[in-house]
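Pulled from TrEMBL:
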{"type": "TRANSMEM", "residues": "12-35", "note": "transmembrane segment"}
{"type": "TRANSMEM", "residues": "41-62", "note": "transmembrane segment"}
{"type": "TRANSMEM", "residues": "74-97", "note": "transmembrane segment"}
{"type": "TRANSMEM", "residues": "117-135", "note": "transmembrane segment"}
{"type": "TRANSMEM", "residues": "147-167", "note": "transmembrane segment"}
{"type": "TRANSMEM", "residues": "187-207", "note": "transmembrane segment"}
{"type": "TRANSMEM", "residues": "219-244", "note": "transmembrane segment"}
{"type": "TRANSMEM", "residues": "264-292", "note": "transmembrane segment"}
{"type": "TRANSMEM", "residues": "304-322", "note": "transmembrane segment"}
{"type": "TRANSMEM", "residues": "334-355", "note": "transmembrane segment"}
Amino acid sequence: MIEKGRLTVRQLASLMFLCTIGEQILVFPSMITSYAQQDAWISSLVGVAGGTGVLMIMLAVYNINPRLNLIEHVLRILGPWIGASVSVFYLFYFLISSSTFIREMGDFVGSEILKNSPLWALHLTFIFALAWGLHSGLSNIGRTGEAFLPLVVLFLIILVLCLLPKAELENVKPVLGQGLLSPFKGFIAVLTYPYCEMCIFMMILPYTERRPHLKRDFLLMGMIGGLLLTLTLSICLLVMGPFMTQHNWFTSFNLSRMINIGNFLQRIEAIMASVWVIAVFFKSVLFFYSFALGLAHLFRLCSYRILILPSSLLILALSILISPNETFYLKVIIPYWIDWDLTCGIFLPLLLLLIHHMKLRPQKH
């Protein structure tokens, strides 16, 4: 076995929560509101229920053989040639996703916190942290996620509670004022961004302790993460309104600047930035890990650690080349990302399940 580390169920649940909110904690409100306007909170709430179904599909793939990760399942079910092609497709998805998350982090830090800093320097610093975490092993990543989880939850609760006095219900009226089509588009976006991207856990579940409550905790933390995103989206709509929420890319960060309680508690946007960087780190490192581990399985290497350095350099280059500016990312990349996420998170796992059951039928007869 290439990966010898083991996660506890609690560590897996912590990573599940952190990856669900991931980079979405800043960009989710703007993204969903662009589809559903003032009804974005409805899209998000219904999307959490649909996202739970997506997670159940991933668990069904894991249940085919709990000892195998996603790439091993693909190779065993689809055969060496087609399986290798689909594996390369997944690996490219993991690679591009980790590069995109790093680019989002670089754009955010460079425009909001460390202004005028060279983009390559920000990316290099972040990738060094990712490579160090990956070299430390999956178990250490899990322990670190477990330690940071309470801090992230506390900061987000503080954000919501401090903004409640500024909330106005008129900002989310009229309910379903644009019909059902816009909320449905928002629902598809919710399925795509937080939940279909959780296909990386099909690479990680085999290295988790097998306990009776594993699946329950996996689904529960996915739901809680989605509900927290819904709560953040709702407070953005209630305070800023749909127009400002849609046109502020880092909505929740800008929202945190509005907090002012008695001229004492104010300017806590640094806390929001810390939450986002922590969540993006764990999501990026798991995509990076999935890419390196999957590549090692595909080429039958003895360890994924020998791939950390070349993979880091590749991700660094792609994170800079993937988009010339933020506008290109918003207008060109995001609309097509939905198709990619749906393919990797729903269609291909369903295809694996279908072919697996078709192969089982002749054996039963």
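Count begins at 1; order follows the chain as displayed.
Even glycines carry a Cβ here, placed using N, Cα and C.
Sequence-distant neighbours of the transmembrane segment (304-322) (same chain, 6+ residues past either end, Cβ-Cβ under 8 Å): 2-3, 95-96, 98-100, 102-103, 106, 119-120, 123-124, 127-128, 130-131, 134-135, 288-289, 291-293, 295-296, 329, 333.
Long-range contacts of the transmembrane segment (264-292) within its own chain (CB-CB distance under 8 A, at least 6 residues past either end) are made by residues 15, 18-19, 21-23, 25-26, 70, 91, 94-95, 97-98, 101-102, 104-105, 108-109, 112-113, 126, 129-131, 133-134, 138, 141, 144-145, 148, 151-152, 155-156, 158-159, 162, 197, 200, 203-204, 252-254, 256-257, 304-305, 307-308, 311, 315. Ranking 12-35, 41-62, 74-97, 117-135, 334-355 by CB pairs under 8 A with the transmembrane segment (147-167) puts 12-35 at the top.
Residues 13-14, 16-21, 24-25, 28-29, 32-33, 37-38, 40-41, 44-45, 47-48, 51-52, 55-56, 59, 153, 156, 159-160, 163-164, 166-169, 171-172, 190, 194-195, 198, 251-252, 255, 258 of the same chain lie 6 or more positions beyond the ends of the transmembrane segment (219-244) yet place their CB under 8 Å from a CB of it. Ranking 74-97, 187-207, 334-355 by CB pairs under 8 A with the transmembrane segment (12-35) puts 187-207 at the top. Scored on C-beta pairs under 8 angstroms, the neighbour of the transmembrane segment (187-207) with the top count among 41-62, 74-97, 117-135, 334-355 is 41-62. Sequence-remote contacts of a segment are chain residues at least 6 beyond its ends whose Cβ falls under 8 Å from one of its Cβ atoms, and for the transmembrane segment (117-135) they are 98, 102-103, 105-107, 109-110, 141, 144, 281, 284-285, 288-289, 292, 305, 308-309, 312, 315-316, 319-320.
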